[in-house]
Amino acid sequence: MEELLIENSQRFTIFPIQHPECWNWYKKLESMTWTAQEVDMCKDIDDWEAMPKPQREFYKQILAFFVVADEIVIENLLTNFMREIKVKEVLYFYTMQAAQECVHSEAYSIQVKTLIPDEKEQQRIFSGIEKHPIIKKMAQWVRQWMDPARNSLGERLVGFAAVEGILFQNHFVAIQFLKEQNIMPGLVSYNEFISRDEGMHCSFACFLISNYVYNIPEEKIIHKILKEAVELVDEFINYAFDKARGRVPGFSKEMLFQYIRYFTDNLCFMMQCKSIYNVGNPFPQMTKFFLNEVEKTNFFELRPTQYQNCVKDDAFAFKLFLDDDDF
């Protein structure tokens, strides 16, 4: 039986620490805590309106994916990993990750509410699984590999790394290119926060596979999972570019195809497997961002000096007028 799944009936508290490396992962993740209201999107509204319609359509597909994907990640954490895993240090990490995923989900909802005032169009994005066949297909694939009745813990961790890494990565890339155009500063800031978090989540899954999983899946199974994820990303990219009529400034879909293969080979390395694609990075000017090497000081520099919120719906507004008696 996997060590991660063995109950220690004699352990009731986190101290003394028994798995220091896992504890260090948790503490690093804890240090990255932020809230969805910390990003100012007021300047994004004009940039969004000035953006060519095909480009807006492309980014709407990305938002539709993210709104759904984070909820599925939360579902897996709460219904599977957090119920099964017994090593407290790992459980602490996943508890913190679940909280972060809730922040991400809220952040994407704020982005949709801020940029897309039409309620019917908002609902089409919030209902991504029903309205976008490729998003439904991706969601089904994620649930398939997260199913404990069908897959070993090792296989599910590989699938989880593929979700947090491969399925998300090209979308992070596409949003980050808006920074090069000097537009959408709020969306870009959210992207930098979230991509940093997801990089940690993905890396931790790879760490567990390499250091804690006894029944590591065969290399051919790992490759199968990763290649399936790449194929889904390819399909999504084609779909999003079709919606944009093939016109998205800064990159082509062929560059995104190559990048996701480059990223997947990096995942193979982290899982101590042979590379699959052996391709170079088509975006060398953004390597530091893509590999989540942003320094912690830069992360905190992203925080605005005051909280602002441009969403007009009171249900999404952040209440800043609490006095001390409310705590």
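Just so you know, glycine gets a Cβ as well, placed from its N, Cα and C.
Record check: Swiss-Prot places Glu101, Glu198, His201 at the Fe cation 2 site, and the matching candidate among Glu57, Glu155, Glu164 is Glu164. For the Fe cation 1 site, Swiss-Prot records Glu101, His104, and the single candidate of Asp70, Asp147 listed with them is Asp70. There are 25 other Cβ atoms within 10 Å of the Cβ belonging to Glu101 (Fe cation 1 binding site). Geometry remark: His201 (Fe cation 2 binding site) versus Tyr108 (active site), CA distance 18 Å. Of all the Cβ atoms in the protein chains shown, 23 others lie within 10 Å of the Cβ of Asp70 (Fe cation 1 binding site). Of the chain residues outside the Fe cation 1 site list Asp70, Glu101, His104, Ala69, Glu71, Val73, Ile74, Gln100, Cys102, Val103, Ser105, Ala107, Tyr108, Ile194 have their Cβ within 8 Å of the site's Cβ mean position.
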